[in-house]
Amino acid sequence: MNRRSVADLRKGERARIVALLDEQLSLKLFELGFLPNTWVELVFVAPLGDPIGVRIDETYQLSLRKEEAKTILIAS
Amino acid sequence: MKDAHRMSNEQKVGVKRRIRKVALLGNPNSGKTTLFNALTGLNQKVGNFPGVTVDKKIGICRLTAGNQLEVLDLPGIYSLYPKSLDEQVVLEVLLNPEGKDYPDAVVVVADAANLKRHLLLCTQLIDLGLPILLVLNMVDVAEKEGISIDTEQLQQLLGIEVVATNARKGVGIEQLKEKLTEIKPSCRSFYDVAPLIDQYFEASLKENLPKGLSAYAQWLCLHLFERLSFLTEAQKDSIQRAILHAKEPFKALNLQREEVLQRYEQIDAILAETVLKQTKGGNYSRLTRLLDRWLLHPLAGYATFLLVLLLIFQSVFTWASVPMDWIDASFSEFVNWVHLQGGDSLWVSFVADGLLAGLGGILVFVPQIAILFFLLGILEETGYMARVAVLMDKVMRQFGLNGRSVVPLVSGVACAIPAIMAARTIPNPKERLITMMVVPLMSCSARLPVYTVLVALAVPNTLLWGWLSLQGVVMLGLYLLGTLMSLLVAWLLNRFLRMEQGRSFFMLEMPLYRLPRWRNLLLTVWEKARTFVVEAGKVILLISVLIWGLASFGPGNAMEEAERELRRQLQGKATDEQIENAVASVRLEQSYAGYLGRFIEPAIRPLGYDWKIGIALISSFAAREVFVGTISTIYSIGSEDEMTVVERLRSEINPHTGKPVFNLATSVSLLLFYAFAMQCMSTMAVMYRETHGWKYPLWQLLYMSAIAYLSAWAAYQWLS
């Protein structure tokens, strides 16, 4: 089955990050706290469906585009 | 700690240097600016880093016992591997011991509630080997969120002094000040790169790396050398060669990722021993969630945003008009007074009509700029601005812009100068450039006086449905027109502008909502207003003196002869005031500005303008608001009061056609021209500074003039 990414989360759903796919983006994502084994929760979706807002590690919120969220794989 | 190791003695010896300059560093949203303000108060000045246009804020911090210390506020960064212009600047400062701004010590600010992420930067800075101190900021918020931190233990594990503060309330600031002069480097390091350097490179490389840097700082030079301006060409070449001939392929990105992950591992181990988290999210984050549900709601969210925009508009125009009118009136009274006192000499005219009038033209914008930045500051401080970017990102992307472009575009309604500067927060170079290119199309406040006069000429003063002013509707329409045109141009630029695409990304922290810090806000307002007066003021003053010269002198003695002739004709037939106004007009006609006006007349006749309007176009080339002043001189109105000007212009008859000069077609044509034309020297100056060259400002001038000319032409031809 296809692996799920942060972009596939439903509102309020929580999941653990497994891996980051995009090499270029991953350093930036690391710095922002998207680390393997960290919990992410989808908090909001912008009115036009994109970008989305997630809560990382139960501490802080961040908004990113779906396109970017697709590169963050989660455990299903 | 498994990766900890003792630093060599040599590195410790460097500590003895007295600490005079401290650099303040931290992640965005760490409360760094609040801390800077708490330390320095009003003793700060803003400059620019050489070559780039990132603001450099330096403040003086008064310590006890009469000592003082220079504090350098560097832009907020996430790590020492830069991804934006702001981050780049920080590296330039920290890696160059020869540089003017190289600090004696580093104070790193971390948000106590987000310690893990914020410590990443801290451990990198520790490895730079500079004396360093950690400030745990916003401890109160962390406590309310159920997070308690054992600072003693944290001190031990990081090997550096840790001070807990709440900069908003001033808690811990005195303790911090006491420790500032005695900052020491850490006795441990987190990521030892010396073996890595040996693993990849020949020993000879070390001779070509900058001296006086720790191994980690040298390592950073190896990663970032292409972008570090202080390295000599020879150094860059040797690093380039070393990387090409490395013992194994030097995969910078992989190494960086590995480093970051390893650092996080160590941080996790430290946090496990120092941080206790009791509850999952306290009141603060609950309130934020609640507000987000409302403010990011498909309907309520956009409605609120629209309301906020309206409120900003309303206040920029209505609140600002009181002090603006006051400044305007005082300056014209002052100018009159100087004329009365000084008599009729050239010098008096230079001081009054050149210098003072120019100065008034600068200061009159200060209220608008101050109010706009005050309101934008509130949006920023409360955390709402980040939500606006979220609301607008998808829309803006269609036009090649970014959610973050909204702030510059909205600011453009007040003044393009600060708005263009606000585009720095956009990480993608193409999106940033497009944003800067289209911002001046937004109807700025300088267009307002021009619009006021022209709309009054073109549109009858009637009410729609008994309450809605038709002139007001047209005004609003002009603002919409500017906005639509800027989006259209952005879309075209996005399609046709060829430049290194770079990657467009949008990753934005959503800070918790909180009340604004008024002290911070007022400091920002003060700083922006001062920057405007000084930076833009220079250019405006220069140009207004130049234009005064063009209007005051003419070839040969044509001006004097025309004046004598006119006085002879009018002798006894008109009041003194009428004569003086007519004289001013006829002198302008014979001046260099008058000749220029006639010279360009063939080019502007298709737009419905005569040479007199031509003079106004030329004189307002530097600053569009000059239009009203010039027009009132040319038509010898002798007053800049808008209603007087409008009355007088309406009765102006074109001698060739016998019809009013300012008919509907000409007025609409002028309105469109001023809506789209660049007509602002200061904007060009800022564009030059921001893009490091004349290429983009000139393109901007060209495309805006083209749109202005074509639309004015089309409107005139269609309406007349």
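Each Cβ is built from the backbone N, Cα and C atoms, and glycine gets one as well.
Sequence annotations record features per position, and here TrEMBL assigns GTP binding site to B:26-33, B:51-55, B:73-76, B:137-140. What TrEMBL lists as Mg(2+) binding site is B:N37, B:A38, B:T40, B:G41. The feature domain 'FeoB-type G' is assigned by TrEMBL to B:19-186. What TrEMBL records for B:299-322, B:406-427, B:448-468, B:474-493, B:532-551, B:664-686, B:698-719 is transmembrane segment.
Taking the features listed in TrEMBL, we show where each one sits on the structure.
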{"residue": "B:G26", "record": "GTP binding site", "DSSP class": "strand"}
{"residue": "B:K32", "record": "GTP binding site", "DSSP class": "helix"}
{"residue": "B:N37", "record": "Mg(2+) binding site", "DSSP class": "helix"}
{"residue": "B:P75", "record": "GTP binding site", "DSSP class": "coil"}
{"residue": "B:M138", "record": "GTP binding site", "DSSP class": "coil"}
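Sequence-distant contacts of the transmembrane segment (B:406-427) (same chain, six or more residues past either end, CB-CB distance under 8 Å): 53-54, 83-86, 309, 312-313, 316, 365, 368-369, 372-373, 376, 385, 388-389, 392, 396, 435-436, 438-446, 479, 483, 486, 505, 528, 531-532, 535-536, 680, 682-683, 686-687, 690. Long-range contacts of the transmembrane segment (B:698-719) within the same chain, counting only residues at least 6 positions beyond its ends with a Cβ under 8 Å from a Cβ of the stretch, are 437, 440-441, 485, 489, 606-608, 664-666, 668-670, 672-678, 683-684, 687. Counting only same-chain residues 6+ beyond the ends of the transmembrane segment (B:448-468), those with a CB under 8 A from a CB of the stretch are 317, 474-475, 478, 620, 624-625, 627-628, 631, 642-643, 645-646, 649-650, 662, 664, 667-668, 670-671, 674. Those same-chain residues not listed among B:N37, B:A38, B:T40, B:G41 yet with C-beta within 8 angstroms of the centroid of the Mg(2+) site C-beta atoms are B:L35, B:F36, B:L39, B:L42, B:N43, B:Q44, B:G59, B:C61, B:R519, B:L523.
Ranking the binding-site residues B:N29, B:N37, B:T40 by how many other Cβ atoms lie within 10 angstroms of each Cβ puts B:N29 at the bottom. Nearest in space to B:A38 (Mg(2+) binding site), taking C-alpha to C-alpha distance over the binding-site residues B:G26, B:N29, B:K32, B:P75, B:M138, is B:K32. Non-local contacts of B:G26 (GTP binding site) by the CB criterion (under 8 A, 6+ apart in sequence, same chain) comprise B:K32, B:G76, B:I77, B:V108, B:V109, B:A110, B:H118, B:L121, B:N137. Regional average pLDDT for the domain 'FeoB-type G' (B:19-186) in the model is 85.
Fewest Cβ neighbours within 10 Å among the binding-site residues B:A38, B:M138: this applies to B:A38. When each of the binding-site residues B:G41, B:P75 is scored by how many other Cβ atoms sit within 10 Å of its Cβ, B:G41 comes out lowest. Comparing C-alpha positions, B:P75 (GTP binding site) sits nearest to B:N37 among the binding-site residues B:N37, B:T40, B:G41. Take the Cα of B:M138 (GTP binding site) and measure to each of the binding-site residues B:N37, B:T40, B:G41: the nearest one is B:N37.
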